[in-house]
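Have a look at the structure below, then the notes.
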Amino acid sequence: MMQASITSILVVLTLVAQDRLAGGLEHKSYDYTKYHTMDEISAWMNQMQRENPDVVSTMTYGQTYEKRNITLLKIGFSSTTPKKAIWMDCGIHAREWIAPAFCQHFVKEVLGSYKTDSRVNMLFKNLDFYITPVLNMDGYIYSWLNNSTRLWRKSRSPCHENSTCSGTDLNRNFYANWGMVGISRNCCSEVYNGATALSEPEAEAVTDFLGAHQNHLLCYLTIHSYGQLILVPYGHPNISAPNYDELMEVGLAAAKAIKAVHGKSYKVGSSPDVLYPNSGSSRDFARLIGIPYSFTFELRDEGQHGFILPEDQIQPTCQEAYEGAMSIINYVHDKNFKNTAITVTATLWTTLMALWISTSHVF
């Protein structure tokens with residue numbers, strides 16, 4: 001009987017272990033200093049929701065070409081009325097593994113601090129965060145297959161019948177000066193912009209979501225690599241955003257915040273000015289439909305490792321980029337919620353003064 005009980009317990013423990021492996025490792029053991037497969041990231045997303053049900057929910061807003069659900073994390077305190085929101089997506093280009101790593105880091109940081117950090121708590125009260133850790137899921141999975149696919153960039157949709165090539169550059173497929181500059185009509189090219197604007201279901205899904213929420217979205221952040229850049233609209237050299245000067249000011253402040261962490265310098269400007277002209281980008285589309293603050297982050301490095309950024313650089317890259325992103329988010333928040341920001345600042349100063357007075361009388 002004793003042997004049977006021990007056997008039963010071992011069976012149960014084995015099943016539990018297998019279930020955890022299938023569903024992803026526990027949050028405490030999730031390694032944010034490593035790159036993760038799509039299955040691991042999906043399990044992590046579910047875990048974030050399970051562990052933080054008061055502030056995290058998942059939303060599926062489309063499917064990839066290979067019929068995978070495109071899912072985001074909605075983060076913030078619940079509200080009976082629609083809230084203003086921040087969008088962040090990572091992994092639109094498959095080979096840029098540091099981008100999904102950053103989205104995960106960002107989520108970890110805000111969820112780990114909103115209960116103790118009054119600033120993040122205020123953001124959660126006034127804003128919702130829509131965060132897609134991997135937009136190009138098909139391409140990302142393909143980039144994990146082997147060394148020959150590691151540098152895959154595009155989606156995985158097929159080209160026309162007479163071509164052996166596949167994939168569209170999703171960041172050339174949005175309806176924003178589509179097909180004008182910085183693209184190719186050759187499907188074998190890495191910057192192939194698709195048969196038509198929004199030919200790709202991934203781009204269409206984002207477009208539909210932004211359209212449905214455009215009156216509430218204040219800021220659009222799309223995370224890429226590499227180059228250490230903060231890019232503002234637009235990718236066309238002859239078109240500037242109406243609030244270009246303000247975007248530059250906000251971007252330069254973010255670059256300053258980034259440099260303060262590990263000393264890394266980020267250039268700020270439009271894509272034609274600091275990188276290359278392009279069209280059909282998600283950043284430009286977001287600005288065109290009226291989302292006032294739209295930025296592309298190109299994370300580390302400057303070409304030493306390129307897309308194969310070593311894992312020992314994940315943490316410092318994410319730490320500095322987090323400060324840059326929060327610099328932008330705080331600016332956007334404070335501009336739209338001035339009274340709230342003043343109240344929090346006053347409360348902070350009152351608390352500091354009280355502490356100073358109390359300690360100044362201690363002899």
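Any Cβ shown, glycine's included, is placed from N, Cα and C.
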Of His160, His213, His216, His224, residue recorded by Swiss-Prot at the Zn(2+) site of His93, Glu96: His224
Record-annotated N-linked glycosylation site (source Swiss-Prot) among candidates Asn146, Asn162: Asn162
Chain-mates of His93, Glu96, His224 with C-beta within 8 Å of site centroid, Zn(2+): Gly91, Ile92, Ala94, Arg95, Ala99, Arg153, Asn171, Ile223, Ser225, Glu298, Phe307
Nearest-integer angstrom distance between the alpha carbons (Cα) of Asn162 (N-linked glycosylation site) and His93 (Zn(2+) binding site): 25
Top Cα neighbour of Asn69 (N-linked glycosylation site) in the set of binding-site residues His93, Glu96, His224: His93
Separation of alpha carbons, Glu96 (Zn(2+) binding site) and Asn238 (N-linked glycosylation site) (Å): 28
